[in-house]
Amino acid sequence: MKFKMTPLEKKWVLYDVGNSAFTLLVSTLLPIFFNTIASNAGVSDSDYLAWWAYATSISTAIAAVLGPTLGTLSDLRGVRKKIFSVSILIGALGCAVLGFVQHWIWFLVLFIVAKSAYQMSLVVYDSMLCDVSSRERMDEVSSRGYAWGYIGSCIPFILTIVVYVLHEMLGLLPLMPAMVLVFMIVAVWWIACSFPLWKNYEQRHCVESGGHPVRTGLKNLGGVFRELGHKKRILFFLLAFFFFIDGVYTIIDMATAYGTSLGLDTVSLVIALLVTQVVAFPSAILLGMLSRKVKSEYLIIACIIAYFFITVYAVFLDQEYEFWILAVCVGLFQGTIQAMSRSYYAKIIPHEKAGEYFGIYDIFGKGAAFMGTLLVGGVTDIFNNQSIGVGALSVMFIIGLVFFLIAIRCKDPSAVPAAPQGQAAVQEGPAAQEQTALQEEGAPETEESASV
């Protein structure tokens with residue numbers, strides 16, 4: 001049966017299209033611009049890669065610290081949309097201003113601010129999945145989010161590539177005007193794709209504050225950490241996620257920086273990563289459809305094993321065509337491992353505490369990215385060899401696989417228990433009622449719920 005998304009699910013997916021433009025910018029043109037600025041200031045190639053890794057690590061560490069607190073606060077009635085809005089505005093504004101910065105240190109500082117805000121928006125966005133979709137539909141809706149995010153972000157990416165070509169290859173644009181245009185295109189796209197979800201989203205699952213919001217939020221967060229001791233499946237999944245997503249995020253964040261440090265042609269690197277986006281689109285959708293027949297646990301295992309071999313292959317990469325092969329292989333599994341992890345986690349947590357649990361999810365996810373980029377930067381500094389730094393990531397996939405195999409053997413109570421006293425799982429407004437009705441009916445084919 002053909003899968004059809006509800007109107008609210010489509011608006012949720014559209015935000016993935018918006019924020020993915022920033023993700024693609026960070027993994028392609030942004031490190032290239034930083035390399036140019038740093039080189040002009042006398043920074044060596046190996047130091048450039050190390051500084052970029054450290055800046056990425058700082059931004060993810062900030063997200064790991066703030067994510068759980070903001071996630072917990074977002075569970076309170078009426079708070080989730082406010083945190084979502086502020087995060088988007090700070091992130092998009094920081095992105096827009098990046099083009100005006102000429103000193104490499106201040107460029108890194110502003111990048112840290114923009115990326116931290118972007119990551120904060122994802123904590124809230126991921127938890128919204130519990131409000132916009134049902135457990136039975138989450139695998140495919142999550143996959144559609146990543147799939148359309150990959151292909152949709154190619155539109156602003158192509159525009160930024162045109163600007164970069166005008167600067168780098170044709171010499172028609174100086175560096176600063178080119179940077180301003182690139183960052184403004186991404187910032188405007190990000191905000192525009194966020195608006196439909198911001199306008200139509202209603203928080204269906206929440207907890208009552210019962211006092212000062214921050215105090216209540218921190219108290220609830222402490223309770224969730226205590227609960228993890230009794231929820232072995234969630235705990236071991238988070239441990240597995242911490243390790244295997246490390247390699248995924250590190251490869252996304254540092255692919256272009258790694259290729260550039262090896263002296264590969266920058267234009268070819270960027271185009272190769274565009275190929276990754278194009279390949280990831282059908283792969284995420286097809287493997288999302290496969291989740292109807294195959295358990296998401298098995299799909300996650302397959303992706304972890306594939307990424308292990310991808311990371312090993314990257315160690316020996318020194319030719320341009322090898323980077324193209326790497327880009328295609330990453331595209332085959334990148335969206336699926338992220339989408340299946342998100343939806344699998346959403347299915348095993350209490351929905352009325354989605355913000356709290358996704359805040360913890362963010363600790364383990366962003367903590368992994370922090371460790372991965374720091375590992376690459378540190379090992380590269382010690383051995384003065386980028387390939388050795390990248391090779392260290394393969395161990396993370398092995399450890400992650402072991403923990404995940406333990407997780408799927410654990411038997412926890414119901415993933416979505418009834419809300420305890422004082423923590424009401426609520427549904428408000430006609431939009432939320434219509435959404436639930438559509439989900440219960442399996443999203444019947446109508447003009448509004450036509451497939452994306």
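Just so it is clear, glycine is given a Cβ too, placed from its N, Cα and C backbone atoms.
No curator has checked TrEMBL annotations; they are predicted automatically.
Small disclaimer: the values here were computed from a predicted structure and weren't measured.
TrEMBL lists 415-435 with the feature compositional bias 'Low complexity'. As annotated by TrEMBL, compositional bias 'Acidic residues' applies to 442-452. The domain 'Major facilitator superfamily (MFS) profile' feature in TrEMBL is assigned to 233-452. Per TrEMBL, region 'Disordered' is recorded for 415-452. Sequence annotations record features per position, and here TrEMBL assigns transmembrane segment to 12-37, 49-71, 83-101, 107-125, 146-166, 178-198, 234-252, 267-291, 298-317, 323-345, 357-376, 388-408.
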- Item | Contact call for the transmembrane segment (49-71) against the transmembrane segment (107-125), three or more Cβ pairs under 8 Å | yes
- Leading stretch by Cβ pairs under 8 Å, where the reference is the transmembrane segment (107-125) and the options are 12-37, 146-166, 234-252: 12-37
- Do at least three CB pairs under 8 A connect the transmembrane segment (83-101) and the transmembrane segment (146-166), leaving out pairs fewer than 6 apart in sequence? no
- Long-range Cβ contacts under 8 Å made by the transmembrane segment (234-252), restricted to residues 6 or more beyond its ends, are 23, 27, 60, 228, 304, 307-308, 310-311, 314, 330, 334, 337-338, 341, 344-345, 348-349, 357, 360-361, 364-365, 367-369, 371-373, 375-376, 393-394, 396-397, 399-404, 406-407, 410, 412
- Task: Using a Cβ cut-off of under 8 Å, list the residues of the same chain at least 6 residues beyond the transmembrane segment (12-37) that approach it.
- Result: 5, 45, 48, 52, 91, 95, 98, 102-104, 107-108, 111, 114-115, 118, 121-122, 125, 128-129, 132-133, 141, 144-146, 148-150, 152-154, 156-157, 160-161, 164, 175, 179, 182-183, 186, 189-194, 196-197, 201, 252-257, 260, 266, 269-270, 273, 277, 452
- Item | Top partner of the transmembrane segment (178-198) among 83-101, 267-291, 298-317, 323-345 - counted as Cβ pairs under 8 Å | 83-101
- Note on the structure: In the same chain, residues at least 6 away from the ends of the transmembrane segment (298-317) whose Cβ sits under 8 Å of its Cβ atoms read 244, 247-248, 251, 258-259, 262, 287, 290-291, 323, 325-326, 329-330, 332-333, 336-337, 340-341, 344, 387-388, 390-391, 393-394, 397-398, 400-401, 404-405
- Note on the structure: Sequence-distant contacts of the transmembrane segment (83-101), meaning Cβ under 8 Å and at least 6 residues beyond its ends, amount to 22, 25, 30, 70, 73-74, 107, 110-111, 113-115, 117-118, 120-121, 124-125, 128, 176, 179-184, 186-188, 190-191, 194, 198, 201
- Message: I need to check the long-range neighbours of the transmembrane segment (267-291): which residues 6 or more away from its ends have a CB within less than 8 Å of a CB in the stretch?
- Response: 3, 24, 27-29, 32, 139-140, 142-144, 146-148, 150-151, 153-154, 157-158, 161, 164-165, 168-169, 255-256, 259-260, 299, 320, 323-324, 326-328, 330-336, 339-340
- Model confidence for the domain 'Major facilitator superfamily (MFS) profile' (233-452), as mean pLDDT, reads 75
